[in-house]
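Residues annotated as domain 'Diphosphomevalonate decarboxylase-like N-terminal' in TrEMBL: 7-163. Under the heading domain 'Mvd1 C-terminal', TrEMBL lists 177-306.
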Amino acid sequence: MRAASQAQPNIALVKYWGKRDAALNLPVVGSISITLESLWTRTDVRFVPGHKEDRVSLNGRSDEAEGKRIKACLNLLRERAGVDYGAEVASRNNFPTAAGLASSASGFAALVHAGARALGLDLSLAEQSVLARRCSGSAARSLFGGYVEWAHGTLADGTDSVARPLLDAEAWPLRVAVAITSTAAKQVGSTEGMRRTAETSPYQSAWIDTQETDLGVARDAIRERDFDALARIAEYSCLKMHALALAAQPGLLYWNGATVECMHRVRALRQQGVPVFFTVDAGPQVKAVCAPSAIEQVKAALRDVAGVLDVLDTALGEGARAIVPEAVEA
Ligand code: PMV
């Protein structure tokens, strides 16, 4: 009753923002993301018949808030398997947690992938994507590698709000530089931010109405490996999501000064002919997506921005996969 898995964070190029059902984590819009390679979560799950409690360790420590979400996720798996055993979960990230790098996406994708196998559940990746979505929305996308689309779905039970792969990472091997501009935990989490936006932002309906067009443009750009088209739609979707959230009351301002300066720097590079574009999620880090040939130049340019603490670098990677439990603590 033990299994371990690895999953990586994903970064949305056409953003998810807004829930049509908060309990089931059903999104009001579809989204398209890329799965990263060298940042990972590794999780070891063991169910112990007779045990009532769950024991959770994250990076070697217990964390009450995350522990609650993990327990809720384990409950979904137990319900599915018809058992009530407690679990021992050990999970490790090789990148800073809660620094706007989607650690919940890789975390819940790895947990569902390992937990399902530990319980002997024979679930397809699509079924695992549905379960992961209920634990953390964007985790639905981290089950798959490369370029991934998560459908908003229309069914009330959410069984059609599932992610699917669009294109393998090797088919278009872009790189991502992540400029870390703050390591403080964000003030307004995405669930509260989405709720506030839906209730108060006057742009909510325009956001929903224009998303299908954006998804179509991004799908075409990915199919045709058209970098300029992907750059335009990704920056547009990112800025539109932030404009929507900025117009909430009180406004959601996820950027700091270095975030804005990094965005300018990326645009200046692109104007000079360097194939690079930015995207920013509900936090101050800037992700610069570029052609492999441009990665060193992009990293150097971001490092040069005042207020940038560190620049991480990753290729695009695969989806969730089984690993040996020993690899979690290695
Ligand atoms: O999965 P959540 O609830 O953390 O929401 C993620 C929201 C964004 O990262 C801002 C956009 C996205 O599509 O990942």
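Cβ atoms are placed via backbone N, Cα and C, with glycine included.
Across the domain 'Diphosphomevalonate decarboxylase-like N-terminal' (7-163), the model assigns an average pLDDT of 94. Secondary structure by DSSP for the domain 'Mvd1 C-terminal' (177-306): 78 helix, 13 strand, 39 coil.
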